[in-house]
Amino acid sequence: MSQPNTDAGGGEGIRRRFCGCSKQDFLPEESFKSWGNYTKALKATPARLLDRLTARSGDHIELVEMKARSQHEMKKSLTWWDLMWFGIGAVIGAGIFVLTGLETKKHAGPAVVLSYVVSGVSAMLSVFCYTEFAVEIPAAGGSFAYLRVELGDFVAFIAAGNILLEYVIGGAAVARSWTSYFATLCNRHPNDFRIHVSSFPDDYNQLDPIAIVVIIVICTLAIASTKGSSRFNYIASIFHVAIILFIVIAGLTKANPKNFTPFAPYGPRGIFVASAVLFFAYVGFDAVSTMAEETKNPAKDIPIGLVGSMVITTLAYCILAVTLCLMQPYQQIDEDAPFSVAFEAVGWGWAKYIVAAGAIKGMTTVLLVSAVGQARYLTHIARSHMISPWFAKVHERTGTPVNATATMLAATAIIAFFTSLGILSNLLSISTLFIFMLVALGLIVRRYYVSGETTPSDRNKLIICLVLILGSSIATAVYWGSSNGWIGLVVSNSIWFLSTLALWLGVPQAKKPRVWGVPLVPWVPSLSIAINLFLLGSIDKASFERFGIWTGILLLYYFLIGLHASYDSVMESKMVAGEVNSSV
């Protein structure tokens, strides 16, 4: 009698061996059946890598075949109203309560409002790119699914690793800030509940046990019920709005215009350095794209929900930043709990408790929404076998991906326990900007290249234009970071403009969006690429070194495991499809 299938696509296997931890659960692919098979797979690495570099998924694969590997269909119950509140709940409560004080004091001064504008514009351009993909490919995999379709498996895997890093680091940063605000609520210094270990290196010596407890509670909620998590987010988001209105109205009654002078004490460079880090404040909207699979009318609901939430968020951030800087001189703003301490400084000590309570509630919601979103990403990545299909399993009773949720939040807890907020925010911004740049690049490829239809001449012109767009954008970022002159910036920006113009006028679009599309293509995605790379150039060298180490770890894993597992999965799917076709 044959055994039930234990792959992610086999419902019986999921129910029978949900908690299984055998080799078959983690590495069921043919290449890992024996050491002999694995040796053969390693020898075939160059050929397999070439296959995965040139292979691209398809809309049908992501929307039909990948979904079929999960136990149940997701219910289409969300509208634009739900998505907008989900976006607000996922974003507001993290960056504004976490990083505004740090960047105002160290890099931007009162001009931090301009930093939020720059980050908001970049985020909005990325929102447009995400929106077209989410409408066309409404799958739970979000940017991972989009990049598999347009840029291939290898690029999608590198992006997937950074998506997971983004969620882990973002959750760790918010969890540590949760501790700071909780200490303020208890009338203590933000670091009073952390354990200082002098023998550990700086930035890693403030141990945070409360962050671990918070993450465990969030993990329990996320595993217990997705529907319950959604309801909690909706209620908490309304609470966010009430707190923001209180901060603005009450804060402006204590405004002192003199605090806005000097406006930009660190100059233009400080504004852009701060904007790169403050991009963290907009992290979360990409999680809304993973809800596309559960949206009633993607063509209508996704654009309104995504763009609407981003507009509201950007306006709220700018108003809150202005309020904070009018309440207190930028030199005196607290780095850990800026709004609470600002109210205390102007003589409204009682108000800091309201702000701290609101911040805690907001950050709790961000952590919860993040936990739900990251589990969807990890589940969809596991469906492709780039990581173990064990993570794609959905629990029969709760209907949630327990393995994916628990694993991601365990990693988040470990990092939150040791690592300081400054280290986390810079590394997070690199990961986020890198992914958003790839999504914009993928959108240009989607519009201008269709295999079998685009002529070799148009394909070559597209490649040349993309190389020039990327190269000029990188040159602008490097020149800005290493020189105070303007000649190089004029040259690199001119090359970017002319290459985008050449793409617009010289290469015909090969595909039109079926329902909703980004306006002014290729200008919008090209500008998104340029801004994201420019902001990357404002991040410190140490963060890039950490990013490089993480990318190296990803490549090592891919060449040893991920490449062979995903290759075997594709070959098995092709064999099954061939058997089905031959039997019809």
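Glycine is treated like the rest: Cβ placed from N, Cα and C.
Given the structure is predicted, the values throughout are model-derived calculations rather than measurements.
The annotation transmembrane segment is assigned in TrEMBL to 78-99, 111-133, 154-175, 207-225, 272-292, 304-330, 350-373, 402-424, 430-450, 462-480, 486-507, 547-567 (among others). The domain 'Cationic amino acid transporter C-terminal' annotation in TrEMBL covers 516-566.
When each of 207-225, 272-292, 402-424, 430-450 is checked for Cβ pairs under 8 Å to the transmembrane segment (154-175), 402-424 comes out on top. Touching of the transmembrane segment (272-292) and the transmembrane segment (486-507) is ruled out by the presence of fewer than three CB pairs under 8 A, sequence neighbours closer than 6 excluded. Under the criterion of 3 or more C-beta pairs below 8 Å, with sequence separation of 6 or more, the transmembrane segment (207-225) and the transmembrane segment (402-424) qualify as touching. Counted over residue pairs 6 or more apart, the CB atoms of the transmembrane segment (430-450) and the transmembrane segment (402-424) come under 8 Å in fewer than three pairs, which marks the two as apart. Helix, strand and coil content of the domain 'Cationic amino acid transporter C-terminal' (516-566), in residues and according to DSSP, is 40 helix, 0 strand, 11 coil. A Cβ distance under 8 Å defines the sequence-distant neighbours of the transmembrane segment (486-507), meaning residues of its chain 6+ beyond its ends; these are 444, 448, 458, 461-462, 465-466, 468-469, 471-473, 475-476, 479-480, 522-523, 526, 530.
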